[in-house]
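> To start, I am sharing the structure in question, which I have written as structure tokens.
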Amino acid sequence: MVDKAAHILLVGVGGFLGSVARYLVALWMAPITAVFPFATLTVNLLGSFLIGFISELALSTSLISPSTRIFLVTGFCGGFTTFSSYMIEHSALLRDGEHLYAALYLFGSLIGGFIALYLGIISARWMAG
């Protein structure tokens, strides 16, 4: 029971930090997000990379403990990335008739997310030797 309580706390603290980091990225990128949701795309692609990188390191090395993985992947990356923001921003682009931007956002998020995840895995394998 102690491990579960500790893991819940790790997820909560990681989620808090990830959410704050996402908000800071949104503030930082606000000047360039008037037409296209660059901030959400950025955090989702970076989060995909981090999830791939951290998960691969946790699986193939002893550099990341199970508790650290829970904190970083489930907590931080879970709070940092945001599917709900992606969905509302995508529907707003469609509603506003910005079909080209909507298509770029859709494919950039999906394909870019898979590429970022794979690059994270490759980077972790390279780092692990």
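Placed from the backbone N, Cα and C atoms, the Cβ positions cover glycine too.
According to Swiss-Prot, the transmembrane segment annotation covers 8-28, 34-54, 70-90, 102-122. For Gly78, Thr81, the entry in Swiss-Prot reads Na(+) binding site, with the evidence type sequence analysis.
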> Same chain only, please: residues at least 6 beyond the ends of the transmembrane segment (70-90) with a C-beta under 8 Å from a C-beta of the stretch. Say none if there are none.
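Residues 7, 10-22, 37, 40-41, 43-44, 46-48, 50-51, 54-55, 58, 64, 102, 105-106, 109.
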> Pick from Gly78, Thr81: which of these binding-site residues has the biggest number of other Cβ atoms within 10 Å of its Cβ?
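That would be Thr81, with the most Cβ atoms nearby.
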